[in-house]
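Down below is the structure, laid out as structure tokens.
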């Protein structure tokens, strides 16, 4: 089983990078994970709605170019479905048991995620109604994946 994480922008803080490396090592016995970064558009101050939509579109097109056909796509979005860690592990298990060999998790940039990606995803998933920095979401996702595979949540 293979998991892709497609994320907008590069990690800038060492503590986040260190955490990502930590969880990638812990996940290695359970699955293959590849993180694909796409370029983040620079957003000017006092962005108009039209400018925001254009930035989301450009980032979104880059994301779409990285999604492999046949992969089960999960977009992380604040308005998505909320589930707990146990249900997340059951969801991962059920997805792979249903015949999918790959899952792709998509994390948008600082402005969020292009609406077209959310519409094309199999699932829009929310980890919380709170807003988290998009770079930190990679670490949070990896931690939840580790919990799912580690057996504490019965995967």
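One is the number of the first residue shown, and numbering goes on along the chain from there.
Using the three backbone atoms N, Cα and C, a Cβ is placed for every residue, glycine included.
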Same-site S-adenosyl-L-methionine binder from 76, 145, 147, given that Swiss-Prot records 108, 127, 128, 129, 130, 131, 132: 76
Number of other Cβ atoms within 10 Å of the Cβ of residue 132 (S-adenosyl-L-methionine binding site) across all protein chains: 14
Least Cβ-crowded entry, counting other Cβ within 10 Å, from the binding-site residues listed as 76, 130: 130
Cβ neighbour count (within 10 Å, all chains shown) around residue 131 (S-adenosyl-L-methionine binding site): 9
Where residue 76 (S-adenosyl-L-methionine binding site) sits in the secondary structure, as DSSP reduces it to three classes: strand
Under 8 Å by Cβ from residue 128 (S-adenosyl-L-methionine binding site), counting only residues of that chain that are 6 or more apart: 78, 82
